[in-house]
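Visitor: Quick one: the structure is below, and I'll ask about it shortly.
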Amino acid sequence: MDAASGAGKVKKGAAGRKVGGARKKPVTRSVKAGLQFPVGRIGRYLKKGRYAQRVGTGAPVYLAAVLEYLAAEVLELAGNAARDNKKNRIIPRHVLLAIRNDEELGKLLAGVTIAHGGVLPNINPVLLPKKATDKATKEPKSPKKSVTRSVKAGLQFPVGRIGRYLKKGRYAQRVGTGAPVYLAAVLEYLAAEVLELAGNAARDNKKNRIIPRHVLLAIRNDEELGKLLAGVTIAHGGVLPNINPMLLPKKTGKATQEPKSPSKATKSPKKA
């Protein structure tokens, strides 16, 4: 009787858990909320940051849901940009294009700089070369060319050459891999800005070619570029005359138009 009663009883641990039973797998808060982003980690960061005296249990869940939605939106648009460029991998350039081409994300991340994202050039269409209508006969496909760092970064300026100049100049003991990319992006942006303004100056002067004079006018008439390049002299750019308005000739308004002289009378017939 005692043995049977002893076998029927199950031993319990200190917390009331059955000893020797299968342990339940712990369910994370992310799984409970149906999210991919780590709710627990975000909660720890909120507490560690001391943004408030107390953090509610729903705050990290809500924040994780918002971050997951934004990430999914950006990745979807970046994937579309990669597919448009016939690429199988999303690079920072595609993320930049996705954000800047979307109105809401562009406003939300207006002041955000994306590393290795390149720039969005704003060149006047007049300055772009015209597309040739007659296509040449198709050449046989050449073997796959090596992809340069400029192409990877989505830039026109030579990243490799700028990197060599940085190393050759000995400006620092070590040069990071992102330094020439960032510098090339900044230089390309400045060049695109100057060329756009110079193109506008050329168009105002009814010219089809940009000359140093147009570059000078573009820089001096722009407040930010004027401050940046205040001490720069542009060869063959000419000068900006600063003549006192008192010394300029006054524009004479035409007086009331004089009446036209009457046409000459017809000649009288000759006397017989």
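Glycine too: its Cβ is placed from the backbone N, Cα and C atoms.
Copying in the features that TrEMBL gives for the protein in this structure:
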REGION    1-25  region 'Disordered'
COMPBIAS  9-25  compositional bias 'Basic residues'
DOMAIN    24-100  domain 'Core Histone H2A/H2B/H3'
DOMAIN    103-136  domain 'Histone H2A C-terminal'
DOMAIN    137-220  domain 'Core Histone H2A/H2B/H3'
DOMAIN    223-256  domain 'Histone H2A C-terminal'
REGION    247-272  region 'Disordered'
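Mind mapping these onto the model and telling me what they sit next to?
Guide: As a summary of secondary structure, the domain 'Core Histone H2A/H2B/H3' (24-100) carries 52 helix, 0 strand, 25 coil according to DSSP.
DSSP states for the domain 'Histone H2A C-terminal' (103-136), grouped as helix (H, G, I), strand (E, B) and coil, give 9 helix, 0 strand, 25 coil.
Per-residue confidence over the domain 'Histone H2A C-terminal' (223-256) averages out at a pLDDT of 82.
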Visitor: Per DSSP, what is the helix/strand/coil residue tally across the domain 'Histone H2A C-terminal' (223-256)?
Guide: 9 helix, 0 strand, 25 coil
Visitor: For the domain 'Core Histone H2A/H2B/H3' (137-220), jot down how many residues DSSP puts in helix, in strand and in coil.
Guide: 52 helix, 0 strand, 32 coil
Visitor: Other than its close neighbours in sequence, what residues sit by the domain 'Histone H2A C-terminal' (223-256), given a CB gap under 8 Å and a spacing of at least six beyond its ends?
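Guide: Hits for the domain 'Histone H2A C-terminal' (223-256): 193-194, 197, 211-213, 215-217.
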